[in-house]
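Engineer: Here's the feature list from TrEMBL:
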{"type": "TRANSMEM", "residues": "A:7-27", "note": "transmembrane segment"}
{"type": "TRANSMEM", "residues": "A:33-53", "note": "transmembrane segment"}
{"type": "TRANSMEM", "residues": "A:65-84", "note": "transmembrane segment"}
{"type": "TRANSMEM", "residues": "A:90-111", "note": "transmembrane segment"}
{"type": "TRANSMEM", "residues": "A:118-139", "note": "transmembrane segment"}
{"type": "TRANSMEM", "residues": "A:159-179", "note": "transmembrane segment"}
{"type": "TRANSMEM", "residues": "A:210-234", "note": "transmembrane segment"}
{"type": "TRANSMEM", "residues": "A:246-269", "note": "transmembrane segment"}
{"type": "TRANSMEM", "residues": "A:281-299", "note": "transmembrane segment"}
Amino acid sequence: MTYLWQKITMVMALSASFAILFALPYLGISAFMVSFLLSVFIWVTLAVSWNILSGYTGYFSFGHTAFFGSGAFASAVADFYFSIDYLLTIPIAGVVTTGMAAGLGLVTFRLRRLRGQLFALTTVVLTSVSSIVVINNWGSGIVMYSVKAFWPFLNIPHVFYTLALLLCFASIGISMAIYRSRLGLNLFAIRDDEEAAEAIGINTFNNKMLAFCISSLLVGIAGAIFAGWIKYVWPETVFSINYSLFPILMSIMGGVGTWVGPIIGAAILTTIFQIVAGGEAVLNNIILGSLLVAVMIFLPHGVYNLVLSGYRRIRRSARL
Amino acid sequence: MSLLRVMNVTKSFGGLKAVNNVSIEVPQNLVLGLIGPNGSGKTTLVNIIAGFYRPDSGEILFKGERITGLKPYHIANKGIVRTFQLTRVFKQLTVLQNLMTALNSHKDFNQQQVSEILTMLDLQHKKHVIAGNLSYGEQKLLEIGRALMKNPDLLILDEPTSGISPTIIGRLTRLVKDLKMLDKTILIIEHNLNVISTICDRVVVLNYGEKIAEGTFEEISQDQRVISAYIGGFTP
C-alpha cells in the first residue's frame, strides 16, 4: 500500500473511531460504561503523552504524577478561588504544567551529567516537591461545588466524556504527527545516541524541551478535565504515584517508542484493571507490579511490535 | 587559505595535559592526517574542534570565524562534521533515516544526493535495513555517509579503518580518494599508516599532547622524533 493510501486509511479509521465513540453515550450505553470509557480516554492520553517524551527520546520520566496533580489543582484553584470559567481553567492548567516542565528542562537538559537515570530522579523530586506544595496549601482538597461556566457548554450531556475524548484523540494526533515528522526523527536520534545527534547538527536541547513541554501540556489538561469531572480534588488522589507508573507500564506493554503502542497498552490495561480488580486500588497495585515484571520478561518490545513481527513473518512465508 | 586554524590550544583533565599548546592549520581542499601513539591527544583535539570539549586556553577559527566554545550542533551546522572512533550510528533507525538526520528539514531531502551517497557507500540495496543489523564495517561507512549528507566544509574522520576488514578498508580508502577528487577538505586520524601515506597531502604528528612534527608523509617518516615515538621502521 502506498504511503498516501496508508495515510488516508489511517485518517479514515481514526475519524470513524472518533465518531463512534462520540455517539456512544447518546446511543444509550450505561452510565458505568460512559465513566469507564472516560477513564480509558484519560489513561490513553497519559500513556501517549508519556511516550512522546520518554518513548521517543529515551528520557525516562516519573513526572506525570506532578503534572496531572498540578493540572487538576490549577483548574480547581482557578475555578474555586478566582471564579474563572471552568473551560478557561483548562488552558490555565496546561500553562502551569508546561511552565513546570520548561523550568525543569531548562536546568536538567543542559547538563550532560543529568542524562539517563539522573533525569528520572529529578522528575521524582518534582513530583515530591509539587505534592508537598499542594498539601501545604490545599491539604484538605478543593470541592468544585459548581463548576462555573459562562457558556452553556457544561449543560451539554456527557460534556466531560466529550472533552476527554477530544483530548485523547488530540494526543494521538499529536503523537502520530511527531512520529512522522522531522521532530520525531530528531527525538529518535537523541534516544539512540545523543552525542552523535549533536555531532550531526541536531539541537538536542530544543528538541527535548519541545517534547517535554508538549507531554506536560497534555497531562495538565487531562488533570483539569479529571478535576471538573469528579468535582472534588484531593492531593492523595490526584498525586497518586499510579499516574506515573501506569502510563509507563501501558506504553511498555503496548510498544514504547511507537505512536500506537501506548493506545493498545492503555486500552488493554484499563480493561484488565476493571475486570479483574473492579477498580479496587490495592488489587490494582498488585496487578501493576506483577504485570510490570511479566511484561519486562515476556513482552519487552510490546504487543504492537509482537503483532507486527508476526504479521511480517506470515507475509514472508506466504511469499515463499 | 586556511579553512581551520587551531591556535595554541591546551586542554587538561585533572593533572593530565591531554593537549598542550597545539596549533594546526587545515587549508582548504586538503587531506590532513593526524597521527600519534595512543593517548597522544588526537581524539581530544578533535573533540575540542567539534565542540565536545572546551579548551582551557587557545582559540579555534573556522572560515575566519571564532568557534571556540560553541556547542557541537552549532559547529556541525557551521560546516564541521565529525565521525567517532567507535562507530555511532543510530542503531534503531534505518540506513535511510540515519542519512536523513543530517538534514535540517525534510524539505532539504534530495533523492539524487541520497542515491549518490548510498552508491558511494555501496549500501543502495540496504537503505531500509535497520542500522543496528549492518556489519560493523558497513556501520562505519554509514556514519561517513551521514556526515557527507550534511555537505560539510570540513569532514573529520576519527580512525575510520579501526576494527574493520581489509575489504572494507579498501572501500573506505577508495571513498576518501573519491572525496579528495571532489575537493573535499578532510582531517583524518589514523593508525593505519598505509592509508595515511596513500591519501594524505600533509600529516601532523602528536605525542604526549604536543605537536612534534608536520609535513608530507615522506618528511615526517624520516623525522627521528616521529620514528622513535611512533612509526619505528615503517615503510609504505
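Cβ coordinates come from backbone N, Cα and C, glycine included.
Source: prediction; values computed, not measured.
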Engineer: How about the transmembrane segment (A:33-53) with the transmembrane segment (A:246-269) - do they touch, taking at least 3 C-beta pairs under 8 Å (6 or more apart in sequence) as contact?
Structural biologist: yes
Engineer: Compare A:65-84, A:118-139, A:159-179, A:210-234, A:246-269 by their Cβ pairs under 8 Å to the transmembrane segment (A:90-111) and return the stretch that comes out on top.
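Structural biologist: Looking at each of A:65-84, A:118-139, A:159-179, A:210-234, A:246-269 in turn, the most contacts to the transmembrane segment (A:90-111) are made by A:210-234.
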Engineer: For the transmembrane segment (A:246-269), could you work out the same-chain residues 6 or more beyond its ends whose Cβ comes under 8 Å from its Cβ atoms?
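Structural biologist: For the transmembrane segment (A:246-269), the sequence-distant neighbours (Cβ-Cβ under 8 Å, at least 6 residues beyond its ends) are 40, 43-44, 46-51, 54-56, 60, 62, 64, 172, 175-176, 178-179, 188, 191, 288, 291-292, 295-296, 299-305.
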Engineer: Report the listed stretch (A:65-84, A:118-139, A:210-234, A:281-299) having the maximum count of Cβ pairs within less than 8 Å of the transmembrane segment (A:159-179).
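Structural biologist: Between the stretches A:65-84, A:118-139, A:210-234, A:281-299, A:210-234 has the largest tally.
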Engineer: Tell me, please, if the transmembrane segment (A:210-234) and the transmembrane segment (A:65-84) are in contact, taking contact as 3+ Cβ pairs under 8 Å between residues separated by 6 or more positions?
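Structural biologist: They do touch: at least three Cβ pairs between the two stretches lie under 8 Å.
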Engineer: What residues in the same chain, six or more past the boundaries of the transmembrane segment (A:281-299), come closer than 8 Å to it by Cβ-Cβ distance?
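Structural biologist: Sequence-remote neighbours of the transmembrane segment (A:281-299) are 242, 245-246, 249, 252-253, 269, 272-273, 306.
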